[in-house]
Each structure stands twice: as structure tokens, then as C-alpha cells.
Amino acid sequence: MEHSTSTSDMARERGNEPTKKMKLALLLISAAILILGNSGGPLLLRLYFVRGGTRLWFSSWLETGGWPFMFIPLAVSYFYRRRTSNDHLQTKLFFITPRLFLASAFLGILTGLDDYMYAYGSSYLPVSTSSLLISTQLMFNAIFAFFVVKQKFTSYSINSVFLLTLGAVVLGLHTGGDRPANETHLQYIKGFVMTIGAALLYGLVLPLIELAYMKARQEITYTLVIEMQMVMSFFATAFCTVGMLINHDFQAISREAYEFELGPVKYYMVVVFSAIIWQCFFLGMVGVVSSSSSLHAGVIIAAFIPVTEVLGVIFFHEKFSAEKGVSLALSLWGFASYLYGEKKKMAKDQKQIIQKTELVKETELA
């Protein structure tokens with residue numbers, strides 16, 4: 001009975017996404033959520049540091065601390081399945097298996113480490129600089145995706161990776177030129193190195209998530225994807241919580257809120273919205289990976305770095321150097337190249353499907 005109920009639940013879940021149009025809609029929605037988190041998260045994190053925040057582990061914790069918000073879409077999915085089920089009492093609460101739970105927990109710990117490295121870099125670098133450095137994750141993503149999930153490349157995707165990575169290299173040639181006045185050269189270099197390290201680590205995490213989907217031995221539905229992301233975020237948060245306990249961050253939060261330049265109320269607003277916006281990033285990211293590929297998610301993250309760069313210049317009055325302008329142009333060019341390549345690939349795949357369908361019909365008629 002339990003097995004049949006599980007099959008029934010999975011069948012209803014499949015019924016929610018039976019067409020290519022639904023999959024495309026899910027991809028577009030996930031991409032939009034990813035873009036929101038990818039642009040808003042770094043800005044709020046930099047605002048925290050610029051206005052007096054100093055707690056590295058706490059700022060890292062905020063990047064995944066909003067994991068309870070995942071219960072909202074999970075609850076909607078559960079009650080929908082319960083409403084459409086013939087036996088309400090047998091509706092499964094969750095689909096994640098022990099195998100996927102352990103994989104998600106491991107990926108969550110890696111994500112927690114990546115959160116700390118990224119927060120460390122953001123504490124010293126202007127958001128426009130750190131965001132462009134993070135775009136190098138596409139290069140690492142492409143390399144790891146090739147070895148981990150046997151990612152196939154086209155000339156357009158290779159060109160996209162090259163252009164987006166070149167943009168970050170151009171920026172690196174101007175190292176220190178936009179160093180904040182109150183920071184030493186050593187602090188700036190540390191921030192630079194830690195941000196590159198964060199890009200490298202997350203470039204590995206994305207293909208590993210895709211590998212977990214491939215090795216799951218069950219259908220990857222969007223509900224299951226959200227469950228896995230919630231487990232990842234929980235363990236990432238737990239990892240950062242240990243750091244907060246060791247560093248006595250919990251005792252310092254109330255004092256830091258009182259000393260925050262914008263006042264205690266806005267301090268807590270920054271904290272809460274940071275947690276929410278960062279969850280948008282992770283939720284959108286896993287949605288894109290499950291609907292397309294880890295490389296696609298990496299391209300979206302890298303391609304919209306210029307948006308964060310421009311917003312950093314507007315809100316924090318950061319310098320917009322010639323190197324940043326060149327990096328911006330290369331990023332946009334690289335994204336356009338990737339989109340064009342994907343369009344041609346989809347057209348080719350559609351043509352092959354039509355040819356196979358016609359061949360089957362001819363065989364049946366014969």
C-alpha cells in the first residue's frame with residue numbers, strides 16, 4: 001500500500017509538469033527568482049558591512065538562514081496533492097530519500113563554507129568588484145561540469161565561458177584600483193583571493209547538485225528539488241551557526257544593531273531581507289539546474305553580474321573604471337552568445353524530433 005501511494009503521489013507530481021511549455025515556464029520563473037537573488041543578495045550584504053556590520057559568520061549565516069521559507073512552497077505542494085488524492089491519510093509528506101538527504105547535507109556543508117568565503121571577500125571589496133570576480137565561477141563551473149556530469153559544449157557555450165571569464169581577468173588586471181580608503185592593501189588582496197575561492201567552490205557545488213539529481217534513482221520533481229535545497233540550506237546554516245557560537249556572534253548582534261549607522265530598526269530590516277533575498281537566489285538556482293543544467297545556472301549568474309555592478313555604482317557610489325566597463329561589455333556579449341547557441345540547439349533538437357516522428361509514421365504505414 002505504501003509503495004502504491006508513493007507511486008500515486010509521484011504520478012500526480014508528474015502531472016503538474018507534463019509539457020515542454022510547463023518546463024519552460026518553470027525555467028523562466030526560476031531564472032527570474034535567481035536574478036532577483038543574484039542582484040539583491042550582494043547589495044544587502046555590502047550594505048551590512050558598509051554601514052557598520054562586522055560579523056563574518058553572522059553575515060554568512062544570513063545567506064542560508066532563511067531556509068524555513070522553503071516550507072511555504074512545500075506546504076502548497078502537499079495540500080495540492082492531498083486535495084487531489086483519493087486517500088488523504090496516505091499522502092506523502094516528503095519525497096527525499098536517505099540517499100538524497102545525505103548528499104544534500106554534504107552539499108550544504110560545502111555551501112556553508114562557500115558562504116563564509118564569499119562574506120569574507122564582500123567585507124573588503126566593493127560590490128561591483130566582488131560581483132565581477134564571482135563571475136569566474138562560470139569558468140570553474142564549466143571545468144567541473146565537464147568532468148563531473150560530462151557536460152557537452154558547443155562552440156557558442158565555449159565562446160560564452162571564454163568571454164565571461166575574460167571579463168573577470170580584465171578586472172583583475174586593475175587589482176587595488178578601487179580599494180576603499182579605510183582598508184589596507186593586504187585586506188583588499190585577502191578579499192580578492194577569498195572571493196575567487198568562493199567562485200571556485202561554488203563552481204564545483206553546482207555540478208555536484210546536478211550529479212545528485214542524475215544519481216537519485218527517482219524522478220526529479222520540483223517538490224523534490226525544493227526539499228533537497230531546504231536540507232542543503234539547513235546544513236549550511238548549521239555550519240555557520242557553529243562559527244557564530246565559537247566567535248560569540250549571538251552576544252554581539254544586539255550591540256551591533258545599536259551601533260549600526262542606519263539605526264537598530266533598519267539593521268534588523270537589512271538582516272531579515274538579506275535572509276529572504278538569498279533564499280530567492282538558492283531557490284532559483286536549483287530550479288534552473290533541475291530544469292536545464294548547472295552550466296545554464298552558472299551562465300545566468302555570471303551574465304547578470306553587470307546588473308549588480310551598476311547597482312553598486314549607483315547605491316554605494318563605487319568607481320566605474322574603464323576595466324569595469326570592458327568587463328561589463330564582455331559579460332553581455334558572452335550571455336548573448338550563450339542564448340543564441342541555446343536557441344540553435346533547441347531548433348536542432350526540435351527538427352530531430354520531427355524527423356523521428358515522421359520516420360516512425362512511415363514505418364507503421366509500411
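Positions of Cβ are set from backbone N, Cα and C atoms, glycine also.
Listed features, source TrEMBL:
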- 24-45: transmembrane segment (TRANSMEM)
- 65-81: transmembrane segment (TRANSMEM)
- 93-113: transmembrane segment (TRANSMEM)
- 125-149: transmembrane segment (TRANSMEM)
- 156-176: transmembrane segment (TRANSMEM)
- 188-209: transmembrane segment (TRANSMEM)
- 221-247: transmembrane segment (TRANSMEM)
- 267-288: transmembrane segment (TRANSMEM)
- 295-316: transmembrane segment (TRANSMEM)
- 322-341: transmembrane segment (TRANSMEM)
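Contact count against the transmembrane segment (267-288) (Cβ pairs under 8 Å) is highest for 221-247, out of 93-113, 125-149, 188-209, 221-247, 295-316. Each of 65-81, 125-149, 188-209, 221-247, 322-341 was scored by its Cβ pairs under 8 Å to the transmembrane segment (93-113), and the highest score goes to 221-247. Within the same chain, residues 17, 59, 62-63, 119, 122, 127, 130-131, 134, 222, 270, 273-274, 277-288, 291-292, 297, 300-301, 304-305, 307-308, 311-312, 315 sit at least 6 positions outside the transmembrane segment (24-45) and bring their C-beta atoms closer than 8 Å to a C-beta of that stretch. Among 65-81, 125-149, 188-209, 221-247, 322-341, 125-149 has the largest number of CB pairs under 8 A with the transmembrane segment (295-316). If one looks beyond the transmembrane segment (65-81) by at least 6 residues along the same chain, the residues whose Cβ comes under 8 Å of a Cβ in the stretch are 9, 12-13, 91-94, 222-223, 226-227, 229-230, 233-234, 237, 240, 275-276, 278-279, 283.
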